[in-house]
Every structure is written in C-alpha cells, then in structure tokens.
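As written in TrEMBL, here are the features:
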| type | residues | note |
| --- | --- | --- |
| TRANSMEM | B:12-30 | transmembrane segment |
| TRANSMEM | B:62-81 | transmembrane segment |
| TRANSMEM | B:88-112 | transmembrane segment |
| TRANSMEM | B:132-150 | transmembrane segment |
| TRANSMEM | B:162-181 | transmembrane segment |
| TRANSMEM | B:187-208 | transmembrane segment |
| TRANSMEM | B:215-239 | transmembrane segment |
| TRANSMEM | B:245-264 | transmembrane segment |
Amino acid sequence: MAKEPVIALSGVTAELGARPVLRGIDLTVGRGEVVALLGANGSGKSTAIRTIVGQVPVSDGTIELFGTPRRAFRDWARVGYVPQRTTAAGGVPATVTEIVSSGRLSRTRFGVFRKADRAAVRHALELVGMADRARDSVDALSGGQHQRVLIARALVAEPELLIMDEPMAGVDLASQEVLARTLKAQVEAGTTVLLVLHELGPLEPLIDRAVVLRDGCVLHDGPPPKALGQHALPGHDHVHPHAPAGTEPLRTGLLS
Amino acid sequence: MDILSYDFMQRSLLAAVLVGITAPAIGIYLVQRRQPLMGDGIGHVAMTGVGLGFLLHASPVWMATAVSALGSVLMELIRWYGKARGDIALAMLFYGGMAGGVMFVNIAPGGSNANLSSYLFGSLSTVSPSDVTAISILAGFVVVVTLGLRRQLFAVNQDEEFARVTGLPVRALNLLTAVTAAVTVTVAMRVVGLILISALMVVPVAAAQQLTRSFAATLAIAVALGVTVTISGTVTSFYQDVPPGATIVLLTIAAFVVLTALAAPLARRRARAAAAAHPAGDPAECAIPATRGAGDKIGT
C-alpha cells in the first residue's frame, strides 16, 4: 500500500444480536481513493460501515482512522458521514438549513456559529443544488432531495473522508446526477470516499476499487467488476415477482 | 389588578411563567426524539420523591428533583441496554414510583393522600416562598440547557447516529436531556401537578408545529403558547375557583384545536406558493427510472 491509509480494518468481526455479521474483514482505503463496498442484501456491507463510525461494536479485530485506533480517534471534523436515509427522522419540523447546520458542529466551539460557519452551510447547499430550498421544511422534500440535504450535511464540515451508506437508494434520476456531479468535484479536490452501493450506477466512472462482501467475508478486492448491463452486477439476484412462490432466485452475479 | 395584591398569587404567577417557558422548551426535544410520554413517566417517579420529602421532613420539591433525576437516568440506561424487555422495565419503574409515593406519604406521621393531592393536580395557594426559590433555580438550569445547548440537542435528537460521527458526546447529551426533563417536572409540579405535566411538555409543541416549518420557530411559538396558557390558566383558576393544572391543560388543548383548524388553509396557501416557486417540479418519486426494470429491488 503506497498511499497513507485513511481507513484500515484488520480482522474485524461483529455480531448483531447472536448472529455473526462480519467474520474477519480486512479493508484498507488509501488517501484520495474512492472505494465501493458491494454485496447482496445481508452481506454485511452496511454493518462494516457502521463499525467504522462506531455505531456497531466490534467483537474482534482493529479499526484505524487516519492512523489512530478508532476508540482514541477524536478528530471527527475530518469525517463526513451520510447514514441510510431512514435513520434521520425527527418528530419536530426542521428546515434544510437547520439539518445541514448540525453537520457543522464539529467545526465550532461549543456550538457557537460564526459568519464562516453560516457561509459554509450556504456553500454546502449550493454544492448539492438545494440553496433555493434552504428555508423549506425537510418534510416537504422528495426522497432524492432529502438525500442531497444529508450529503450537504456531511460536506459542510469540509471533511477529508466521506463515508456514505447507500447514497443512491431510492433517489430519483435527477438527484442521482446531481449527487454524482457533487461527488466527482469532491474526489477531484482530493477527498477520500468509502461508500456502500447496491449497484454501481452513475458513480461507476469515479470508483477506483470495489470490495465485494458475501456472508461477512471479503470476496473480491480490486478493480470494479466490469458492468455488462445492470443485471450483471455482483450479487444481483434476479427476483421475479411473477415467478411461482418458493422458486429460488436465479443467480448470475459474481457471488453465485 | 387586585389579583396581584395577594402574595400567594404573585408567587403562583411567577411559578406559572417559569413552567410555561421550561415545559415546552425541554418538551420539544422529547417530541423530536419521539418519546413524548417520557415526562409522564418521570412524573410518576417523582411521586416517590414527594413521599420521601414528607417522610423525612425534607422539602418535597428538592426530594422530587433528586428522585426524578435518578429515575430519568435509570430510564435512559434502560433505553440503552433494555432492548426488547425495556418496556416492561419502564412500566415497573413508573408504577413502582407511583406506589412508592403513596406508601411513603401514608406512613409519614400525620400524612395522608390529601397531602399528595396538591402535588398530583397542582394548587395555587400552596406555593411557598421557599418553593419559589427552588423553582426559580431549577428553571434557570432548564433554560440554560435547552437554549444554550440547542444546536447540540437538536443534532442528537434529530439523528443520533450522525451526531455520534460529528464527535458529539451523545450519551452525555442524552443523559442531560433526561435529567433536564426530570428537573422540569419538579418545576411544574406545584402549578400543573405531576399527573398533567407531560401535557404541557407535549401539547404546546404539537400545537406550534401545525403552523411552522422550522425547529427554531416551533420552539419560539411553543414557549409563547406555554406562557400564555399558564398565565391565563392561573388567573382563571383564581377567579373561577377551579384547579389550575386542569384549567391550564384544557386551555392548551383548546389552543391546539384552534391552531390545527387555522393550519389547514395555511398549508394549502404554502403548497400553492411552493408550486409557483418551483414550476418545473421534481420527477415524481413513483416514476420508475428508465434504467431499472419493474422487478428490480431498489437498494434496501
């Protein structure tokens, strides 16, 4: 590994309840790299991401962020995180600006906002093309627009590392294009990216390396699998709703 | 204004204003994290504190503060570690707290449920000068936490997972929220009563968000509404000789109904304005993108 590792997982295992979800993952992401975590549903890709950010406890192995053991890591302003969209739902209305501002807290002292912080919020909203909706309630947004807001919330602290869990899930085409463009600009500026994807889609040209998981183990770590149309993607199960009940899904992906 | 010529009414009105500010100010975070009934649980636990106050000849307000703060920390710990059986543990905490209060009051020398009643439903004439001192100090704490840490509390209660990755001390902030809610319960106990406190934490917030789009506006309107109903409820209680807690809560619910009725035309006007501001519109979410087949699973 020539480049300085930004994320380094070694032999990481994790359980959800009594069920082992990760069975010894090695994963290294170097500075400036764009790495996609791929795999079928239940392969452990979201759990892997969530161990890195400390949301899921690790039962064995080590995780380092910027060369520091994750438990001792305090410099969270260097990390931008985009969780799965379902986790962010408060019971009180909030505007786009209020949500994005919460991502800037890591750059403030005691949560006091200065001029530069407000400017950073405006800039992050411009990056994702949501500046005109700054004062709208997030409840009034479509799924794709909401996702753009969550990405602005991750970018507002100007992170060196972006960690994203299924940023394209349930996102309309127009928003997918905006997101791909935003991400491209970040990568060109030198940001390191680790993202969970269900399919490579419009981000494919940005991806340097793909790590494919199956049943909590790394199955493939290398160049992204060449796409032969959507249906040839790794782990893509052909589930036909019109097939008779009980029929095994037809597996043609790498993971079969 | 002969109402202000009575010392006990001056004290009651001051307490009412403090309740009107603090209850919605912490309540908004409980609503945001979708635990609106937490105040209710703390109110039950606080009864043990009141009972202990009688038994030990200590100030019921301070005893209730100590016991409910302890209870709220316990509730927070159950939330972390309780998992599936957490609900049962919480139920035991709530009803144990209530039963403990009744038991302690009755074994206290000369005590009976009548002593408890003013704490359960609120009472104007019993707010003593030392109560006012205690209530003012506790209310000051609640205001400092809920307004001073509003950005941090907003982030944690909106999206705990994200807040952790911004480096916020999520557990400490959750514990602080719980303790602040417990303190608010004891601030409100004398005026609104332990049984009805939760209403004043939740209903003004629910009423305010009928009109608002932002968290900041919801907080401001909820507090304004809280102060309005606690003052008008206290004054009504004085002139009409009705219990203050019940009057305040019924007024709050009436305000909720009125604001909900007003909100419907407002929402329609906003929808029209939004449609005019974004004429192109965004692709409908239900449209199937051309690159996907109908049978594809879309990222779950």
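Easy rule for this one: first residue shown is 1, then count along the chain.
Even glycines carry a Cβ here, placed using N, Cα and C.
A quick note: this is a predicted structure, and the numbers were derived from the prediction, not measured.
If you look at the transmembrane segment (B:132-150) against the transmembrane segment (B:162-181), you find at least three C-beta pairs under 8 angstroms, all six or more positions apart, and that counts as contact.
For the transmembrane segment (B:187-208), the partner stretch with the most Cβ pairs below 8 Å, chosen from B:62-81, B:215-239, B:245-264, is B:245-264. Taking every recorded stretch in B:12-30, B:62-81, B:215-239, B:245-264 and counting its Cβ pairs under 8 Å to the transmembrane segment (B:162-181), the highest total belongs to B:62-81.
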